[in-house]
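Visitor: This is the structure, below, for whatever I ask next.
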Amino acid sequence: MSLNKLFSVVTAFIVTFFSFGAPALANGTNYAEPKQLGFMEPVTEVMRDIVGFHDLLLWMCIIVSVFVLVLMIYIFIKFNAKANPNPSSTTHHTGLEIVWTTVPILILLVIAIPSFKLLYKEDVIPQSDLTIKAIGNQWYWTYEYPDHDNMSIDAYILSDEDAKAAGHPRLLGTDAHIVVPVNKTVRMIVTASDVIHAWAMPAFGVKIDAVPGKLNETWFKAEKEGMFYGQCSELCGKDHGFMPIMVKVVSQEEYEAWLVEAKEEYAETETDNLTRVAAVLPAQQ
Ligand SMILES: [Cu+2]
């Protein structure tokens, strides 16, 4: 393979790698496609920053690896016993020592500054418009809207047939989902009732542990309407892979209309939680 051809193959690979996330949203799906490389299209500022930071790190890895590889090849050719029978006896080169100390420090600074900025942005919750509490259970999610009569929604996975009929991807559809208004800051309080789960929504850049007895906090501000899919991201037990998450982002008007209906539908579910668990568990065995 000529050097030119090799170069074009590598370029094609890198371009494909960075642009693969786009088709996931282009056809209207907010979940990972089979054979997808890279992330799905971000819909929050935090996720955009995460993708940007990931790309920065990837480029730095590529540049450092290629530089080291070229250096090694150069040394193999130039300084092998045949080509260089009389080795130099020089042991110190002050300039070079300064360079190989300062360059790694600079590289670390270039990584650390955006990394700390991003951590701070994820951790500090801005003035929120709405609070939702997510509770991880074996193996479904319960959502509460403390601002709205504490209504409580249980979301169980749909069977393959039901998901197909409802137009949701297999293993990612749930029988109920939370609804949030677009462009509003949502504060998520996350906990669990039994074992450690994790509430993860890749398109929002949110992944937070749900720990029994502890309240974790995170936030997101979705900038695009649509249905978004996520999953429990902690190995929580035998049905860990069967507790997906669905979040529907709608306009403010649609959200208010949904609230009126939802308050009627979910206001009293608290009392029949136990009977529901009992009814559902045998079916999942
Ligand atoms: Cu879980």
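Backbone N, Cα and C atoms are what each Cβ position is placed from, and that goes for glycine too.
Bear in mind that the values here come from a model prediction, so they are computed numbers and not experimental data.
Okay, these came from TrEMBL:
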type: DOMAIN; residues: 31-126; note: domain 'Cytochrome oxidase subunit II transmembrane region profile'
type: DOMAIN; residues: 127-261; note: domain 'Cytochrome oxidase subunit II copper A binding'
type: SIGNAL; residues: 1-26; note: signal peptide
type: TRANSMEM; residues: 56-77; note: transmembrane segment
type: TRANSMEM; residues: 98-120; note: transmembrane segment
Visitor: Per DSSP, how many helix, strand and coil residues does the domain 'Cytochrome oxidase subunit II transmembrane region profile' (31-126) have?
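Guide: For the domain 'Cytochrome oxidase subunit II transmembrane region profile' (31-126), the helix, strand and coil counts are 64 helix, 0 strand, 32 coil.
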Visitor: Taking every residue in the domain 'Cytochrome oxidase subunit II copper A binding' (127-261), what is their average pLDDT?
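Guide: The predicted confidence over the domain 'Cytochrome oxidase subunit II copper A binding' (127-261), as a mean pLDDT, is 93.
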